[in-house]
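K.L.:
Sequence annotations record features per position, and here TrEMBL assigns phosphate binding site to A:ARG86, A:GLY124, A:THR125, A:ARG126. Under the heading domain 'Exoribonuclease phosphorolytic', TrEMBL lists A:10-140, A:157-222.
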6 protein chains.
Amino acid sequence: MRVDGRASDQIREVSIETDFVKHPEGSVLISMGDTRVICTATVEDRVPPFLRGQGKGWIAAEYAMLPRATETRNIRESSKGKVSGRTMEIQRLIGRSLRSVIDLEKIGERTVWIDCDVIQADGGTRTASITGAFVALALAMDKVISKGKIKEWPIKDYLAAISVGVDSKKGELLDLCYVEDASAEVDMNVVMTGKHEFVELQGTGEEATFSRSQLNQILDLAELGIDALIGKQKEALGNIAERMK
Amino acid sequence: MRVDGRASDQIREVSIETDFVKHPEGSVLISMGDTRVICTATVEDRVPPFLRGQGKGWIAAEYAMLPRATETRNIRESSKGKVSGRTMEIQRLIGRSLRSVIDLEKIGERTVWIDCDVIQADGGTRTASITGAFVALALAMDKVISKGKIKEWPIKDYLAAISVGVDSKKGELLDLCYVEDASAEVDMNVVMTGKHEFVELQGTGEEATFSRSQLNQILDLAELGIDALIGKQKEALGNIAERMK
Amino acid sequence: MRVDGRASDQIREVSIETDFVKHPEGSVLISMGDTRVICTATVEDRVPPFLRGQGKGWIAAEYAMLPRATETRNIRESSKGKVSGRTMEIQRLIGRSLRSVIDLEKIGERTVWIDCDVIQADGGTRTASITGAFVALALAMDKVISKGKIKEWPIKDYLAAISVGVDSKKGELLDLCYVEDASAEVDMNVVMTGKHEFVELQGTGEEATFSRSQLNQILDLAELGIDALIGKQKEALGNIAERMK
Amino acid sequence: MRVDGRASDQIREVSIETDFVKHPEGSVLISMGDTRVICTATVEDRVPPFLRGQGKGWIAAEYAMLPRATETRNIRESSKGKVSGRTMEIQRLIGRSLRSVIDLEKIGERTVWIDCDVIQADGGTRTASITGAFVALALAMDKVISKGKIKEWPIKDYLAAISVGVDSKKGELLDLCYVEDASAEVDMNVVMTGKHEFVELQGTGEEATFSRSQLNQILDLAELGIDALIGKQKEALGNIAERMK
Amino acid sequence: MRVDGRASDQIREVSIETDFVKHPEGSVLISMGDTRVICTATVEDRVPPFLRGQGKGWIAAEYAMLPRATETRNIRESSKGKVSGRTMEIQRLIGRSLRSVIDLEKIGERTVWIDCDVIQADGGTRTASITGAFVALALAMDKVISKGKIKEWPIKDYLAAISVGVDSKKGELLDLCYVEDASAEVDMNVVMTGKHEFVELQGTGEEATFSRSQLNQILDLAELGIDALIGKQKEALGNIAERMK
Amino acid sequence: MRVDGRASDQIREVSIETDFVKHPEGSVLISMGDTRVICTATVEDRVPPFLRGQGKGWIAAEYAMLPRATETRNIRESSKGKVSGRTMEIQRLIGRSLRSVIDLEKIGERTVWIDCDVIQADGGTRTASITGAFVALALAMDKVISKGKIKEWPIKDYLAAISVGVDSKKGELLDLCYVEDASAEVDMNVVMTGKHEFVELQGTGEEATFSRSQLNQILDLAELGIDALIGKQKEALGNIAERMK
């Protein structure tokens, strides 16, 4: 029995509120249980220096937590004057993941900035960020197409992310909340497309290890979670979901 | 006629949603028109070095904007590696303002961290932060008293903040939205208690000046705005408002 | 009776020594009592990026203290690797104040850098900086006009700054020295033109408040102080004062 | 046919030179093809603050490249004043990996600092770092045991790391060199113990995706590579290999 | 003939104004020609961590220039967020030089902070800083002895510094001004005691070299300069000079 | 008798291994006793901003130590976020020294980056860096000439560096190892050309002084050391030594 009564293959309650903030081209507030993240997508008409003149675009991501998103208050990274290794890892992961399902040529020389700001944290903030950011990105692409700035729908497939953990007593568990995450021996984050292709697979046995058969059970659970999340993304996108074929 | 149809002495629609985030001792989402700020109050059982051993507490404030709270995206201060002068000015103002209505001896050797995070900006983010932060502070004090950590109610009076501007054509205007702020010749921020005592008065004629009679009209408007805001704070606080006598 | 024997409406002894340093276009050493500040004005033939191509200029200010300008030694901000919030507030204030009395179109695409370096501090360093910087600016403008770089005198009016405090026992006091400032309940800095127009008004009740009638007494004192300071500026400028009409 | 003539399941030539530097408790120069890394292990008699008083130790890792380890010169991170996200990711990976095979209680309140400095880079620097650091760690543990500082051999199993890539034309390839890495669609880094347990699995489809059956082929290759590397580690350790049972 | 009419073995006009600033234990304004430096000495009753508990003191030095001390304005190091290599070199040199003539045991566990702030620069700022700082240090030691904090006079000998350059046409020149420094092929800074012992010798042939016989001529000139400077130090110290035996 | 049995005028065993790293245009591993430094020379086809358009090149140097090059581990400067004063002094010294023997016009608008990375330290790392960097520079120049990028051999003379110390008991000692350096009263670093011309002379009496006759003995020893080092450089350069005439 899990701490919040879920079955081992059950994800937390998910909601995706679109257009949560008015200025960005796309924005959502995604909640997965008590984890809540504001994801926004900003379209900028230029690319980073290394891409100039190549006729293709870029997706860059940033991630942060409000200081009191967590149980105890964290010092702001702006006050510390530097971004932590954890933050860097997460924002690189979000950017890479979204780039894998978009046709960068189709968006032209533009950068889409993805900002994921966690306002309340209860485990799984990086996976919720990716799942929410995908919707914000789709909303932004829809708006840019409506304005005629780009011609063709550039997103190739759905994309969502989920965690799976291994608990020494309860075995494999889908979508860890914070308490579960803190005691898990193995923590796997899976980023996957609508066609069940892997985009990212990051598994860590912090002071532990895992076998290949455990890996297979983990991946089976992940596929279930991804399917459920993509269902929620489709609901949130409404008509725009049509564009995804 | 103002850009959003208000009278010159009319504030924007205000709402204060309490307990917006679950972890902090006190939290609100304050909206003043399209300006929306998450204000949280965190109680920490220690004080900064310069206050140790004096038997009194401290209130420290931090302020930030999400990158896309504004019309165009701002670079995160954590990415830049330093906090801007504007941010520092605002967070020092919030801290000083709240300290003026609290009896720091009554909270003992504790720091209350006030975090104001603007999720959507449309002018007046610093004044909305102060008005919202006051409610978050009161909620936190109520919780700490309930837990028996402090004995006596430490807040001496209500506190709210409002802007007044001078427009070369429309004269004095209460509670500027972003468009009005951008074209105002004079910008005054007034922080005031429930007894109409000034806590802070910051008036700037950016590339302009203002006379003493204009100052008087500005302050008359400010008093109206403060009264309206304190009315909203009382509603939001419900029973806790009783503690304020 | 004040600590240094002055009347409550009396400013400290003021002297303004022009051309204190040889390289800058304009420079002064201003002394207000024991507060001494070197103010220099440097004219640079370019503007910050946000102003390029608009045919107008800019005034930017920086402020610093020598480490031992104060009773106890301060760590240099260059050693700390960052500028404090207090410094930022002051340098933004100096820049805004001077911009309000200059016609930025008349100086063309140039930046005037104002540097205020406090070599000895005894209260009122920010107001002495503004009063001294105005003279340095006027000297620099005179030099640039003499060289034919700009055609018309760009300064619209005199500008000076003074502090007024409220002491719980002695009431309102003009031009606080350090000891008075440390015990004052209210601290008001007023930046004003020769025509008694406000440019900046910054009043703070640190852990205290003040009423509207106190505000009026404060402003009466400020006007006296400003008049005295502008008298000193005229003496220091000599013939150049003629240019101000 | 691979660029350097290897079979798809063949690793590059590996050599591990022990005691390459004289001061550290353990050190090696590991070469995998043209990738060369100096790995050192330093034993410090204290732990980071979060572990104090718990009777257990810690392993911390740092990673860097000489500026001209690569084809074109990189700016030093010390000159830039900050460590890149890539560096942070790698040093966190190295630390986590080594902690998974050591019994931290057995080393007592000590920190082992692992430093991996790449002097020549040709792909696979993070995996070579882990493989080499394992040997440096074992050498250091042997020395500390000889000195009687710790009683029992603390390392639980061998540990090595290898990359596997997927090339759109050549399929799955073991141990990518730089040229292969640059054109690979999928890049998987596998950290594994002597018993074929996973410690870390990090797979990325940069602008691409991979299926579950591809994953299985990748992992089959990885196991081959790990076995070969552990063979080399045993040779390098000589008598010390006995301690590993 | 030199640019300012001096003979090749003649130093510039020197003046040392003592007690230039009121707060520090010792302070001077030293002028060497148009180079003017405020030197202060602050006595702090503690030592840096590496010296604690050893019963001896330390001398630490910091050096800076006002932005417009020079012909064109320099960006403040506090704004840049880091201290330049040149500044570091100079402040390390000043500290080492003064430590060589003081008996650190006699000052007990105290740090003397030397601050050298150049308000006007015309070559030779580091040597003027050392020569002036010596006087500030002696003034501070006199004050600390008067207060009974230390028992015995701790300064062992006089200390001054001078530059000598080699010009391709004019040969060896004593005490270079800025214009001479800019065109000199060789630049030697000599720090010397009253007994003509070397404390520091730093000679640089920027894009040039110098022979041993040139070195000897340079050192002959340096001795002349040092004698003249120590004469000025004695005058400035007045009665305190007696303490130096 | 010296700690390692050498005569007072004897340098440590020297070896210079060329082409130690494959990517740079020139590279060596220089060993002087137990001090080992990797020196690389990188040719970049552009110059720093201050030199653009002048038809001449530049030599820039950077210096660093691996964390465990020393007896106890040093914190990386990249982790600290800033480069120490010592590092800056050394890299400026290396750059200036090499620039004195190269004809910067002959290399055209190119920068040669010299990187000196100490992998094992036992005293004299800065002098070993200069001696090794000279060889790396010569190797790089040879390669650039072979490729036809520059026409004429640009190096004017050999260049090497050596330390000489004064020990209170043993007198003047050539080429100090770490133990000797730690107890020396005077430390002199001499950078000299093949023609016995000085390029840099940096002598420091840390908490001590030295006389002119001691200086002469120091310089006599230095010349012996320089001759021995240049002999080693010629051997290492082989045929390329011919180019030096």
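Using the three backbone atoms N, Cα and C, a Cβ is placed for every residue, glycine included.
Distances, neighbours, how buried they are, the whole picture for these features please.
P.N.:
Mapped onto three states, the DSSP output places A:GLY124 (phosphate binding site) in coil.
Counting residues of the domain 'Exoribonuclease phosphorolytic' (A:157-222) by DSSP class, helix then strand then coil, yields 17 helix, 29 strand, 20 coil.
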K.L.:
I'd like the Cβ neighbour count for A:ARG86 (phosphate binding site), meaning other Cβ atoms within 10 Å of its Cβ, all protein chains included.
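P.N.:
By my count, 14.
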K.L.:
What is the set of residues, excluding A:ARG86, A:GLY124, A:THR125, A:ARG126, whose C-beta falls within 8 angstroms of the centroid of the C-beta atoms at the phosphate site?
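P.N.:
Leaving out the recorded residues gives A:TYR63, A:ILE90, A:VAL118, A:ALA121, A:GLY123, A:THR127, A:ALA128, A:SER129.
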K.L.:
Tell me which of the binding-site residues A:THR125, A:ARG126 sits in the most Cβ-dense spot, judged by other Cβ atoms within 10 Å.
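P.N.:
Answer returned by the neighbour count: A:ARG126.
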K.L.:
Which chain-mates of A:GLY124 (phosphate binding site) that are at least 6 residues away have a CB under 8 A from its CB, listed by sequence?
P.N.:
A:MET32, A:GLY33, A:THR35, A:ILE162, A:SER163, A:ASP175, A:LEU176, A:CYS177, A:ASP181
K.L.:
So how far apart do the phosphate binders A:ARG86, A:GLY124, A:THR125, A:ARG126 get, largest Cα to Cα in Å?
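P.N.:
So the binding residues stretch over 13 Å, Cα to Cα.
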